[in-house]
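Trainee: Dumping what TrEMBL says about this protein:
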- 21-294: domain 'Sugar phosphate transporter' (DOMAIN)
- 44-62: transmembrane segment (TRANSMEM)
- 74-93: transmembrane segment (TRANSMEM)
- 99-120: transmembrane segment (TRANSMEM)
- 155-173: transmembrane segment (TRANSMEM)
- 185-204: transmembrane segment (TRANSMEM)
- 216-238: transmembrane segment (TRANSMEM)
- 277-296: transmembrane segment (TRANSMEM)
Amino acid sequence: MGEKSSFQLGVIGALFLSVASSVSIVICNKALMSNLGFKFATTLTSWHLMVTYCSLRVALRLNFFENKPIDMKTVMLFGILNGVSIGLLNLSLGFNSIGFYQMTKLAIIPFTVMLETIFLKKQFSQKIKFSLSVLLLGVGIASVTDLQLNFVGTILSLLAIVTTCVGQILTNTIQKKLNVSSTQLLYQSAPFQAAILFLTGPFVDQLLTKQNVFNYKYSSVVLGFIILSCLIAVFVNFSTFLVIGKTSPVTYQVLGHLKTCLVLAFGYTLLHDPFTSRNIIGILIAIVGMGMYSYFCTNETKRKQIVDVSSLPQIKERDTTPLLANNQDKESKDSAV
């Protein structure tokens with residue numbers, strides 16, 4: 001019971017950290033890019049990952065976690081894949097309308113469900129699928145406005161969906177298959193993610209913004225926001241790996257849409273962004289979908305735990321399960337007779 005309670009507290013803590021840090025970094029980056037004119041998102045992300053790696057390096061030296069070597073080829077491919085997915089998402093936003101980009105993000109959940117069903121043989125109940133449909137409908141109503149299609153943008157969006165889904169599934173699979181923690185996996189893969197984005201980021205950003213990140217005039221205010229963004233990113237990156245490892249890629253995406261709703265709400269409250277009745281209706285529908293998803297997941301988890309307990313062997317050694325000793329003694333005697 002103690003281990004179960006601590007695990008649940010760990011999940012709740014990871015979810016809270018993910019939401020709080022993600023909403024914070026969106027607000028920080030929006031001020032940095034919209035108000036201060038620093039629009040180099042891909043390069044900024046590479047700096048985020050560099051600071052994340054350096055922070056984990058310090059944490060390792062202070063013995064906050066233990067380094068566990070992982071196969072170099074696996075870590076390298078995993079890191080590069082995640083770096084490429086970030087770059088493709090940024091390119092998708094640059095080559096598509098905001099509405100189509102939001103549709104791209106919405107498509108990640110059903111595509112992840114499809115991949116996990118086909119390749120990992122994971123089963124999703126009809127109730128879970130229905131709750132996800134309600135959630136996606138709500139987020140779509142709240143965030144999707146114009147839908148302008150173009151060939152290059154569509155190809156980039158498809159590639160972004162595939163790489164993002166595969167990367168998040170691998171984040172969960174590697175942690176469980178290789179028995180490594182989220183911190184250990186992030187520490188091993190962050191340098192490769194940072195490297196691929198640091199090398200390609202300036203070119204991607206120049207393609208999207210028609211500006212060179214190295215020619216930008218950096219003021220003290222801009223540098224302050226960049227440093228703040230990098231510090232918040234440490235918690236964003238850590239909580240991302242933590243949430244996916246403790247839950248699932250689909251749950252992480254559901255959490256991502258909760259962040260979208262919160263960002264819309266905070267944007268209206270703090271930054272006075274335009275907010276319509278359509279946004280309100282969409283957010284309310286999305287909240288209902290999230291509630292249904294959480295409720296159905298909790299019930300299914302409890303049901304699986306009951307099945308797992310009932311399927312355990314009835315005859316065990318006394319010292320292994322002292323809480324069930326009396327019942328098992330009786331069963332042992334009956335079986336002996």
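Along the chain as shown, the residues are counted starting at 1.
Glycine residues also receive a Cβ, built from the backbone N, Cα and C atoms like all the rest.
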Trainee: What stretch, picked from 44-62, 155-173, 185-204, 216-238, has the most CB pairs under 8 A with the transmembrane segment (74-93)?
Mentor: 185-204
Trainee: With pairs fewer than 6 apart in sequence excluded, do the transmembrane segment (185-204) and the transmembrane segment (44-62) have three or more C-beta pairs that lie under 8 Å?
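Mentor: Counting Cβ pairs under 8 Å (6 or more apart in sequence), the transmembrane segment (44-62) reaches the transmembrane segment (185-204), since there are 3 or more.
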Trainee: Given a Cβ distance threshold of under 8 angstroms, which distant residues of the chain, six or more beyond its ends, lie next to the transmembrane segment (277-296)?
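Mentor: Long-range Cβ neighbours of the transmembrane segment (277-296): 125, 127-128, 130-143, 254, 257-258, 261, 264-265, 268.
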Trainee: Go through the chain and flag residues at least 6 beyond the ends of the transmembrane segment (155-173) whose CB is under 8 A from any CB in it; none is fine as an answer.
Mentor: 78, 81-82, 84-85, 88-89, 91-92, 95-96, 100-101, 103-104, 107-108, 111-112, 115-116, 120, 185, 240-241, 244-245, 248-249, 252-253
